[in-house]
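Quick look at what Swiss-Prot annotates:
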type: DOMAIN; residues: 39-100; note: domain 'LIM zinc-binding 1'
type: DOMAIN; residues: 101-160; note: domain 'LIM zinc-binding 2'
type: DOMAIN; residues: 161-220; note: domain 'LIM zinc-binding 3'
type: DOMAIN; residues: 221-283; note: domain 'LIM zinc-binding 4'
type: ZN_FING; residues: 8-32; note: zinc finger
Amino acid sequence: MTSTQFDCQYCTASLLGKKYVLKDDNLYCISCYDRIFSNYCEQCKEPIESDSKDLCYKNRHWHEGCFRCNKCHHSLVEKPFVAKDERLLCTDCYSNECSSKCFHCKRTIMPGSRKMEFKGNYWHETCFVCEHCRQPIGTKPLISKESGNYCVPCFEKEFAHYCNFCKKVITSGGITFRDQIWHKECFLCSGCRKELYEEAFMSKDDFPFCLDCYNHLYAKKCAACTKPITGLRGAKFICFQDRQWHSECFNCGKCSVSLVGEGFLTQNMEILCRKCGSGADTDM
């Protein structure tokens, strides 16, 4: 190799007896190599010279001494780290800043570990257990009561009410009648079997009936119009000699004047006002 062949490719200075760098079969003095080829450090913005270690992550470069956690500033050299929003964080800082806390043990749920979510809270998989049997619930069905979560078998064993009709567990809601509880969809009219949830109803011998069935089967009938006398919503009725009338139906059988609060006479089965009953063969 001649002396000219041992010169810096860029500045042509002789490299005899000097340090140099060989790149792509070309020789460079240290000064030229650093100026032309050095990467710039993400942290300090200075060139990473040939005598320094260049640490690279996703086409970004750092001096070894600048490769630190963005929050606690501890070195990340040969340590696990996480990149978030262009920042490098050690696992401890990432966990404190970005990870969820377990609702049960209050410890950090580490990135990459499995976590369970329920009603906006998070648990370690091993902390998300049935309040009674302490077995992991995982993705199985569960029922919440007060501050605890229960697997279905434990909840049914400890707390559940059973429907008076179908004898199955009532997990939520329900209707109570005569100290018994029903599913909403099981509380039916004893006559026509329609659902009574959010409906007015009457009872007979401890059996519930919708108003139509109760009136048809059990309500007294008006002696005038023959329609049921329900007594609902404060309705008034008149009773005389085992007969009943709606107050608006208690009228003179001849002139139809109201007899409510008035004296009246009877003729056979007919009710008459005093005027119409005068001179007739009547009973007082």
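Note: Cβ is positioned from N, Cα and C throughout, glycine not excepted.
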Mind checking how the zinc finger (8-32) divides into helix, strand and coil residues in DSSP? 3 helix, 9 strand, 13 coil
Across the domain 'LIM zinc-binding 3' (161-220), what are the DSSP residue counts per state (helix, strand, coil)? 10 helix, 21 strand, 29 coil
